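What follows is one structure encoded as structure tokens, with my remarks underneath.
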Amino acid sequence: GNWLCSDLIHDDNVVIEAVEYGMILALGIPQVTINIASVIFNCTVIFTRIATKDLHKPISILFCNLAFSDLFTSFSGFWISMLFITNPDITIFGSKDMLAPYAFYTISILSTIYNLVSIGIERYLAVAESMRTRFRVARNHSIAAVFINWVLAFFLGCLPLMGWNCLSMGKNISVLYSPFCIDYLIFIAIPNVVVAVLIPLFTYLRIIIILRKRKLRMKACGQAAGTYKSAEIQVARTSIFIWLLALISYAPVFAAVIFDATNKQCHTDLYPGVYIFRNCTAMLITMNCLGNPIIYSLKAKTLRAKLKALKSFPLALLQSGARELLHSDKNNSISHIYFVFGNRLLLGLLCC
């Protein structure tokens, strides 16, 4: 079993002689590039939603929090990628230095999964009928969901930092994600990947069924059902993209954990093929972080409208300052005028 490799884990003289730095760069540079792109995209989402004061909507809170989770994932992924480029041995054989990066990476991925599930449930509740009235998701519900998601993600992700790791023992150690233990990976990865794939599938299928029923009901009453038809097509298209993105991103992780649990070979026996696969799964997870803002927030028309609003925002601030001076009962001294317009310009700079 994997405990046969325990002597390799703590032997400082063990190195992979066959490591070609060109292959390390070929794997590491794309990871770094995708992580940087994901940081830019998710920062754009956070910036536009905060600057346009869009957070009064429950769904916008979830979208913004998803961007924060993806941003956290991208930063953690960037950290691990740089460790792989600068010191590939510790990412293969495991080290105490890898414990914190992997733990933070786990926290961010779990938070992303729980946010995606929350968004699917919110979308379902927004269109589903509960008895005679429609259940409305309030802003407080979204804030509570965000809080619960992060608490759960931090608790589960920090378990290795609290002692559930294989730093001090070779038995049961993961060959792919050392120094994590295999039983921890099974406990975390398998149920959460199932949740990430199945719950969005069921919620979006249910939304499509509800829209179709309403469309048929409208037709039966002799009313135009074009709105429901277009909504059904749009939801179906978006749902397929969301589900396929989750499947492509998380299914390889599921497969990697299953392989890790059944593997009986040492690290050196698996090099380099399995570690290339591991790095590719990390890139797919980052691609999910890159795809989420495109699917959920950065639609061309919406983004253009928000950026246009941001462009005119400083002018609106200055105009409001002028109105304040005109309607002010005070003597508009030079210092007071500078104070009012200085505040407006500062707000404009902060928001733009």
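Each Cβ is built from the backbone N, Cα and C atoms, and glycine gets one as well.
Per TrEMBL, these features apply:
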TRANSMEM  21-47  transmembrane segment
DOMAIN    41-296  domain 'G-protein coupled receptors family 1 profile'
TRANSMEM  59-82  transmembrane segment
TRANSMEM  102-121  transmembrane segment
TRANSMEM  142-164  transmembrane segment
TRANSMEM  184-209  transmembrane segment
TRANSMEM  240-259  transmembrane segment
TRANSMEM  275-298  transmembrane segment
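Within the chain, the transmembrane segment (275-298) has long-range Cβ neighbours (under 8 A, six or more residues past its boundaries) at 27-28, 30-31, 34-35, 37-38, 41-42, 44-45, 48-49, 63, 66-67, 70-71, 73-74, 77, 80-81, 84, 92, 109, 112, 116, 119, 176-177, 238, 241-242, 245-246, 248-250, 252-253, 256. Along the domain 'G-protein coupled receptors family 1 profile' (41-296), the predicted structure has mean pLDDT 83. Within the same chain, the transmembrane segment (102-121) stays apart from the transmembrane segment (21-47): fewer than three Cβ pairs sit under 8 Å, each pair at least 6 residues apart.
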